[in-house]
Amino acid sequence: MHSHDAHTQNFPIIMQLLLAVPFLITLIAYIVAVILSNRHKKQWSYFRTICWIFGNLCAMITVIGPLASLMHHHFVAHMIGHLLFGMLAPLLMALAAPITLLLRTVPVNMARTLSHILKNPYFRFVRNPIIASILNVGGLWLLYTTPLFDIMHNNLLLYVLIHIHIFLAGYVFTIAFIYIDPTPHPDSYIFRSLILLIALAAHSILSKYIYAFPPQHVPVEQAELGAMIMYYGGDAIEIILVFLLFYQWFKSTRKSIRLNRIPV
Amino acid sequence: MGRLEEILFEVISLTVSKVVEEKNDYYKNRTHYKQRNMWTGILFGLGVVAFIDEALFHQLLHWHHFYDKSTTNMGLVSDGLFHVFSFFATIGSAFLLADLHRKHGFWLKRWLGGIFLGAGVFQLYDGIIQHKLMRLHQIRYNVNILPYDVVWNVVAAILIVIGIILLVQTNQKGH
C-alpha cells in the first residue's frame with residue numbers, strides 16, 4: 001500500500017462524512033425515540049442506550065478522523081478498524097435492540113406494517129446463520145485473499161461500498177445468532193452453535209492465512225501484527241458472542257426442567 | 001444454664017441434620033445425569049488445556065510460535081477449528097455445569113474424571129497430530145525436541161489413565 005500513499009493519504013473528507021453521517025443520524029434518532037417512548041411506556045433500559053451510543057461511536061471513529069485516514073495506508077490500523085467497525089459496533093448495536101425501540105415508539109398501525117415488512121422472506125434469507133456467515137466471513141476471505149484489497153484502496157467508491165458491506169454483514173451476522181430483537185422463525189440453538197463454530201473458525205483460519213500470505217502491497221511486519229490483532233482481538237469479541245448464545249440457551253431450557261421432573 | 005445448653009444442642013443437631021438432608025437431596029439426580037457429568041467434564045478439560053497451551057506456551061514462555069512455515073493447510077484448518085472449539089467448550093461446559101446443579105445432578109468425581117480424560121485426549125491430539133503430523137508448530141525451537149515431545153505425550157497419557165480410572169469408578173448404577 002505504500003506505493004499508493006501519494007493519492008490515498010488524504011481520504012477525502014466528503015467520503016468520511018458520507019460514511020459517518022448515517023451513524024450520527026441513527027445515534028440521535030435512537031436517543032429521541034427513547035425520550036419519546038419513555039413518556040408513554042416504562043423506562044427504556046439504560047444499558048441498551050449505552051450500548052447504542054458506544055456502538056455508534058465505535059463505528060464513527062473508524063470512518064471519520066485520524067484512525068480512518070491511518071487505516072487507509074497502515075494494515076495494523078486497518079485491522080483495528082475492522083474489529084471495531086465489523087465486529088464490536090454491530091454487536092453493541094444489536095444489544096441495543098433498535099427494532100424493539102422503533103416498534104414501541106411509532107404508532108401501533110405503523111408498528112404493524114413494520115413488523116409485517118420484517119417478516120419479508122428477504123430478511124429471513126439474509127438472517128439465516130449460513131447465509132449471514134457467508135456474507136460476513138466469506139466476504140472477508142474474498143477481500144484479503146484476492147487483489148480486491150489492493151483495488152479497494154485505489155477506488156474510493158469501492159472503498160465506501162465495501163465498508164458499508166462490512167458493517168451490515170457484521171450486524172446481520174450478530175442478529176443471526178443472538179436474538180435480542182423480536183425474531184420471526186428462530187433457528188434452533190444447536191444449529192446456530194454449529195454454524196457459529198464453523199464461521200468463527202473460518203475467521204481464525206483467515207487471520208493465520210493473512211500472517212502467512214500477506215495481501216498485495218502490505219509489508220510483512222504490518223501483516224503479521226495485523227493478523228495477530230485479528231486473531232486475538234477477534235477472540236475477545238467472539239467469546240462475548242458465544243457467551244450470549246449459550247446464556248440464552250441456558251435460560252430457555254429452564255422451563256423444560258419443571259415439565260420433565262425425573263422420578264427418583 | 002443446663003437448659004440453655006440443651007436448647008443449643010437441639011438447635012445445632014437439627015441444623016446439621018437439615019444440612020445433610022439437603023445436601024443429599026442436592027445430589028439426588030446424579031446417577032440419572034451420569035453421562036452428562038462426564039461430557040461436561042470432557043469439554044471443560046479440553047478448554048482448560050487449550051487455555052494453558054495458549055497462555056503458558058504461546059504468551060508467557062514464547063515456546064510455541066503463532067505460525068510455522070512448515071504448517072500444512074490441514075494444520076491451519078485444524079488449528080482454527082480447535083482454537084474456536086476450545087472457547088466454545090469452556091463456556092458451554094460452564095453452562096452445562098450450572099445446569100447440572102440446577103437439576104440437582106452434579107457428581108464431582110465423575111466430572112473430574114471427564115476433565116482428566118478431555119484434557120489428556122486434547123493434549124495427545126495436539127502433541128501427535130497437530131505438532132508432528134500437521135507440523136503446526138513445535139513445542140520449542142532451537143533445542144533437541146525429542147525430550148519435549150516425550151514428556152508432552154507421556155503427560156497426556158497419564159491424564160487419560162487418571163480420567164479413565166475415575167470414570168470407571170463412578171460408572172456403577174444406583175450409587
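Cβ atoms are placed via backbone N, Cα and C, with glycine included.
Just so you know, TrEMBL annotations are computer predictions that nobody has curated.
Taken from TrEMBL, the feature transmembrane segment applies to A:13-37 (among others). Sequence-distant neighbours of the transmembrane segment (A:13-37) (same chain, 6+ residues past either end, Cβ-Cβ under 8 Å): 44, 49, 52-53, 56-57, 59-60, 63-65, 68, 96, 98, 101-102, 104-105, 156, 159-160, 163-164.
The annotation transmembrane segment is assigned in TrEMBL to A:49-71 (among others). Sequence-remote contacts of a segment are chain residues at least 6 beyond its ends whose Cβ falls under 8 Å from one of its Cβ atoms, and for the transmembrane segment (A:49-71) they are 9-11, 16-17, 19-20, 23-24, 26-27, 30-31, 34, 77-78, 80-81, 84-85, 88-93, 95-96, 98, 163, 167.
Annotation source TrEMBL lists transmembrane segment at A:83-104 (among others). Residues 26, 30, 33-34, 37, 41, 44, 47-49, 51-52, 54-56, 58-59, 61-63, 111, 114-115, 118, 136, 140, 163, 166-167, 169-171, 173-175, 178, 180-182, 229-230, 233-234, 237, 240-241 of the same chain lie 6+ residues outside the transmembrane segment (A:83-104) yet bring a C-beta within less than 8 angstroms of a C-beta in it.
Same-chain residues lying 6+ beyond the ends of the transmembrane segment (A:125-144) with a Cβ under 8 Å from its Cβ atoms: 86, 152, 162, 165-166, 169-170, 172-173, 175-177, 183, 187, 191-192, 195-196, 198-199, 202-203, 206, 209-210, 215. Among the features that TrEMBL reports, transmembrane segment is placed at A:125-144 (among others).
Residues or ranges marked as transmembrane segment by TrEMBL: A:156-180 (among others).
Within the chain, the transmembrane segment (A:189-211) has long-range Cβ neighbours (under 8 A, six or more residues past its boundaries) at 129-130, 133, 136-138, 140-141, 144-145, 173, 176-177, 223-224, 226-228, 230-231, 234-235, 238, 241-242, 245-246, 248-249, 252. Sequence annotations record features per position, and here TrEMBL assigns transmembrane segment to A:189-211 (among others).
If you look up TrEMBL, you'll see A:231-250 (among others) marked as transmembrane segment.
Long-range Cβ contacts of the transmembrane segment (A:231-250) within its own chain (Cβ-Cβ under 8 Å, at least 6 residues beyond either end) map to 79-80, 83, 87-88, 91, 174, 177-179, 189, 192-193, 196, 200, 203-204, 207-208, 211. Nonlocal intrachain contacts for the transmembrane segment (A:156-180), taken as residues 6+ away from its ends with a CB within less than 8 angstroms of a stretch CB, comprise 12, 15, 18-19, 59, 63, 82, 85-87, 89-91, 93-97, 100, 126-129, 131-133, 135-137, 139-140, 143, 148, 186, 192, 195-196, 199, 241, 244-245, 248.
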